[in-house]
Amino acid sequence: MAPSRKFFVGGNWKMNGRKQSLGELIGTLNAAKVPADTEVVCAPPTAYIDFARQKLDPKIAVAAQNCYKVTNGAFTGEISPGMIKDCGATWVVLGHSERRHVFGESDELIGQKVAHALAEGLGVIACIGEKLDEREAGITEKVVFEQTKVIADNVKDWSKVVLAYEPVWAIGTGKTATPQQAQEVHEKLRGWLKSNVSDAVAQSTRIIYGGSVTGATCKELASQPDVDGFLVGGASLKPEFVDIINAKQ
């Protein structure tokens, strides 16, 4: 990892927790040692963004798990970047595979959301990744490059973007990409950024890995030169999240 890329660990709590259990988790995180050279962001369910921001130590940032592409309006069930910021959160996760595959969000919609969230001043954790049949068909590169292009077309300032590579076949399945598999895709993604955006953006943009990251797998993954951190699902609800935060130590 280049010295200019600050290690980034995101915890995606998905649709989990209640005030009591999340309060206990937050207590554990607040007591944990967070290395100065590591950025930590937690993404609680929408209903608990305010709660999490009030309870979490300021050293840990808060993200929303999704947002819509406009400021206000007749969009029942949606939230806007302005609302997210109003609750004290500074990041949003966009394009997560569950949004793409469970809720049918298209590349185009995700691109529009990325553009609006950035314009409104949020940091964006933009997710990309191939499904198992796509990996087995040998089209991993094609899929992730297409997804990345739609995101890149909507980004003016890359300093507010973290790219999260999440092989869909490794999310919540207990299967993890090997450190070598993760490094290979991350390296290719950095090459794509160099060719299609700029060398400076390729060098400075953090590319993080998501997909069944645990306390046991994080250290070897973190040692790969192009793995700049993690987006953690299930393990972010457990005390081992602290081990993942300290994966570079």
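Any Cβ shown, glycine's included, is placed from N, Cα and C.
Note that the structure is a prediction, hence the values are computed from the model and not measured.
If you check Swiss-Prot, you get these features:
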type: BINDING; residues: ASN12, LYS14; note: substrate binding site
type: MOD_RES; residues: SER21; note: phosphoserine
type: MOD_RES; residues: TYR68; note: 3'-nitrotyrosine
type: MOD_RES; residues: SER80; note: phosphoserine
type: MOD_RES; residues: SER106; note: phosphoserine
type: CROSSLNK; residues: LYS142; note: SUMO1 cross-link
type: MOD_RES; residues: LYS149; note: N6-succinyllysine
type: MOD_RES; residues: LYS156; note: N6-succinyllysine
type: MOD_RES; residues: SER159; note: phosphoserine
type: ACT_SITE; residues: GLU166; note: active site, proton acceptor
type: MOD_RES; residues: LYS194; note: N6-methyllysine
type: MOD_RES; residues: TYR209; note: 3'-nitrotyrosine
type: MOD_RES; residues: SER212; note: phosphoserine
type: MOD_RES; residues: SER223; note: phosphoserine
type: MOD_RES; residues: LYS238; note: N6-acetyllysine
(request) Round to a whole number and give the Cα-to-Cα distance in Å for the pair GLU166 (active site, proton acceptor) and TYR209 (3'-nitrotyrosine). (result) 6
(request) Determine, using Cα-Cα distances only, which of these recorded positions is closest to TYR68 (3'-nitrotyrosine): ASN12, SER80, TYR209, SER212, LYS238. (result) SER80
(request) Based on Cα distances to ASN12 (substrate binding site), point out the closest of the recorded positions LYS142, LYS149, SER159. (result) SER159
(message) I need the most crowded of these modified residues: SER21, SER80, LYS156, SER223. Count other C-beta atoms within 10 angstroms of each C-beta and give me the top one.
(response) SER80
(request) Restricting to the same chain and to sequence separations of six or more, state which residues have a Cβ under 8 Å from that of TYR209 (3'-nitrotyrosine). (result) ALA164, TYR165, GLU166, ALA177, ALA182, HIS186, LEU221, VAL227, GLY229, PHE230, LEU231
(message) Quiz question: given the recorded positions ASN12, SER106, SER159, which has the greatest number of C-beta atoms lying within 10 angstroms of its own C-beta?
(response) ASN12
(request) Take the C-alpha atoms of SER21 (phosphoserine) and the residue listed as 'SUMO1 cross-link' and report the distance between them in angstrom, rounded. (result) 41
(message) For a quick check of packing: other C-beta atoms within 10 Å of the C-beta of SER212 (phosphoserine), how many?
(response) 20
(request) For each of the recorded positions (LYS14, LYS142, LYS194, LYS238), count the other CB atoms lying within 10 A of its CB, then report the residue with the highest count. (result) LYS14
